[in-house]
Amino acid sequence: MKRVVLIVLDSVGIGELPDAHLYGDEGSNTLANTAKKVGGFELPNLEKLGLGKIHPILGLKGDIKALGAYGKMGEKSPGKDTTTGHWEICGLILEKPFPVYPNGFPEDLIKRFEEAIGRKTLGNKPASGTAIIEELGEEHMRTGYPIVYTSADSVFQIAAHEEVIPLEELYKMCKIARGLLTGEHAVGRVIARPFTGTPGNFKRTANRHDYSLEPTGKTVLDKLVEQGYEVLGVGKIYDIFAGRGLTWHESTKNNEDGLVKTVNLLYKDFTGLLFTNLVDFDMVYGHRNNAEGYYEALKQFDSYLPKIMEKLREDDLLIITADHGCDPTTPSTDHSREYVPLLVYGHSIKEDVNLGTRETFADVAATLEEIFGLEPGIGQSFWGEIRK
């Protein structure tokens, strides 16, 4: 293998995990429930790769011969967030979940943050990002106080109007928060959530920035770079791994931007990994319970798949998966604890291979380790099951 393309469809889960009830996620199935809600999917290219063979999905055939390998993966780490999911895909399983704050952050922590930034704050509670700027945006514009909020995930989010707190200042505030959030309060991510507009018509912008914890152990990305391979990150990948284990990265404005950049990078000659995160499924549609928009985003991805597949050379491999669920059909606006799909395609792999239910997302890392001859970590490689 010369190049592996790993695409994470952020939040595109495929059914509740056995412990989903512990997270309040019984009945969640991002793909199948969304398909039912919109009257069935038409995703011809994902169908050809075997998506409908993993789990019954309205509109997708399950009795076809898949072009590659298909299966689903369970999450071993506790949690259901982006950082935990991506780290596990890359071979790092967490023993305990990142801290969450269902009642907001402790007062002493907020006080230290306010002292460090020289301003008071608004909010300090769990909330939907769009709802909290509607609720507190006007007061924020009047006072200049940033809005601090969290969610069911381990996140410390700071929302600010771009004309009230300039982007660079907002990013600086996030770095200050990241420095404070250590030890027992080591949240997975600090997120800058800039917005624009006027009261009653606020809109979040694409200038979001994530400040992740640095991975707590060695990932397959670190191993690849140590052995001289290239690791190209597209989208949120740089933020999720705090910049570690990448030789090049580029952020994206939206899914289409990420897909265009991924296709363009396949014209390049490199040896190693091209790692893309497509966040709109989660950020724009899942959290807002917009099933129709979610389906439109899936159709857009499906339309780009042939462009990606036709750029694959004889010794390239494409892996498509997800990091958690975010079922837009349930009352919750948060992530859901789900299995994730696993679709693998390449000219040098067998067709119609059922990879079954994998115990951990880390099987992806184990497969990359075997392909590139790296020191093996946790997880079971599926390379032997699919190679011709």
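Keep in mind that glycine also has a Cβ here, set from the backbone N, Cα and C atoms.
With Asp282, His287 listed by Swiss-Prot as binding Mn(2+) 2, the candidate from His335, His347 annotated for that site turns out to be His335. Listed by Swiss-Prot as binding Mn(2+) 1 are Asp323, His324; the candidate from Asp10, Asp19 that the record includes in that site is Asp10.
Sorted by the number of other CB atoms within 10 A, the binding-site residues Asp10, Asp282, Asp323 start with Asp10, the lowest.
Sitting within 8 Å of the Cβ centre of Asp10, Asp323, His324, and not among those site residues for Mn(2+) 1, are the Cβ atoms of Val8, Leu9, Ser11, Val12, Gly13, Asp81, Thr82, Gly85, His86, Asp282, Ala322, Gly325, Cys326, His335, Val340. Here the candidates are the binding-site residues Asp282, His287, His335. The one whose C-alpha lies nearest to that of Asp10 (Mn(2+) 1 binding site) is Asp282. Recorded residues Asp323 (Mn(2+) 1 binding site) and His335 (Mn(2+) 2 binding site) have their alpha carbons 10 Å apart, per Cα-Cα distance.
In sequence order, Asp10, Ser11, Met283, Gly286, His324, Cys326, Thr333, Asp334 are the same-chain residues whose CB sits within 8 A of the CB centroid of Asp282, His287, His335, the residues recorded for Mn(2+) 2 being left out.
Neighbour list (His287 (Mn(2+) 2 binding site), Cβ cut-off 8 Å, at least 6 residues apart, same chain): Ser128, Gly129, Cys326, Thr333, Asp334. Secondary structure at Asp282 (Mn(2+) 2 binding site), taken from DSSP and collapsed to helix, strand or coil, is helix.
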